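*Asks:* According to Swiss-Prot, the record shows the following:
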BINDING   GLY8, TYR9, PRO10, CYS11, SER12, GLY13, LYS14, THR15  ATP binding site
Amino acid sequence: MPLILMCGYPCSGKTRRAQELRDYFTQNTGRKVHIVGDEDQGIDKNSVYADSQKEKNLRGALRAEVERKVNKDDIVILDSLNYIKGYRYELFCLIKHTQTPHCLVYSLTSADLSSEWNKDREADSQYTQEILDALILRFEAPDSRNRWDSPLFTIQQDDSLPFEAICDALFKRKAPPPNQSTKSQPLSSTNFLYELDKVTQDVLMAVLESQKTSVPGDLISIPGATEKIELTRSLNMVELRKLRRQFISYTKMHPTENIGQIANMFVQYLNKSMH
């Protein structure tokens, strides 16, 4: 049955809200409720969130646990930061694939309040200030205009959860139908859309920077790629952005399981487009 995605800064009250939701649904629907979260993974969060690969592995483990628990009867609550829009999109693809309704509960706090609540925790449960600040800086707020962030319920510190509205969103709304893009999306690769967006942007900026000291005929090395750009002519920002959009659209429909190859694929695409 439905997936409830918690979202918010570290120490923003997500776990308390997840527990309130579990208690409500257990008492009022009789359904089994599963809370999946960072704590279940037995992690040292300061170590994990300081290392991008460890964090990526954590997201993959959480997504896999959600996928295992989603079924036609139970409610699953994912109690984690869920702060990357690409990861939320991947979870949206998962629920479309399994024909399951979902909603997002956004625990909205200020950075100062989250920092204050962090200091109130037991010492072994606190984030370091450096990690806390970094996560807040990287946070990508949900936007109800994005289908993967909708329905969206934004809850501030003193608000009560709108239980009935959340129930309506989960039980009276049809699950999103699968379509070609979600069938093609490689659900086994964590954060595919985020990586696609980031890597292609990095390649684009590397090309623009290298062109300042290059001339037609040069080979341009790109960080993260073994392939090189064959600079047959100069490319301006407008053209590069257009090519990047075209490549992203194509790759969404024809995804690769190996996200480490995205940079090489984009370089090859640019080389073909210049000839």
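Note that Cβ sites are derived from N, Cα and C of the backbone, with glycine treated the same way.
Help me picture these features in the structure, burial and contacts included.
*Replies:* Taking the Cβ of CYS11 (ATP binding site) as reference, residues of its chain lying under 8 Å away and at least six apart in sequence are, in sequence order, THR109, SER114, SER115, TRP117, ASN118, ARG121, TYR127, LEU132.
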*Asks:* My understanding is the cutoff is Cβ-Cβ under 8 Å with a sequence separation of 6 or more in the same chain; which residues meet that for PRO10 (ATP binding site)?
*Replies:* LEU81, SER114, ASN118, TYR127, ILE131, LEU132, LEU135, ILE136
*Asks:* In the same chain, which residues outside the set GLY8, TYR9, PRO10, CYS11, SER12, GLY13, LYS14, THR15 have their CB within 8 A of the centroid of the CB atoms that define the ATP site?
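*Replies:* Those within range, site residues removed, are LEU81, SER107, THR109, SER114, TRP117.
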*Asks:* Over all shown protein chains, what is the count of other CB atoms within 10 A of the CB belonging to LYS14 (ATP binding site)?
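*Replies:* Around the Cβ of LYS14 (ATP binding site), 25 other Cβ atoms lie within 10 Å.
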*Asks:* Near the Cβ of SER12 (ATP binding site), how many other Cβ atoms are there if near means within 10 Å?
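*Replies:* Step by step: centre on the Cβ of SER12 (ATP binding site), count other Cβ atoms within 10 Å, giving 27.
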*Asks:* Counting across all protein chains present, how many other Cβ atoms fall within 10 Å of the Cβ of THR15 (ATP binding site)?
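*Replies:* A 10 Å sphere around the Cβ of THR15 (ATP binding site) contains 18 other Cβ atoms.
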*Asks:* Of all the binding-site residues given, GLY8, GLY13, which residue's CB has the most CB neighbours within 10 A?
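*Replies:* Comparing the binding-site residues GLY8, GLY13, the most crowded Cβ belongs to GLY8.
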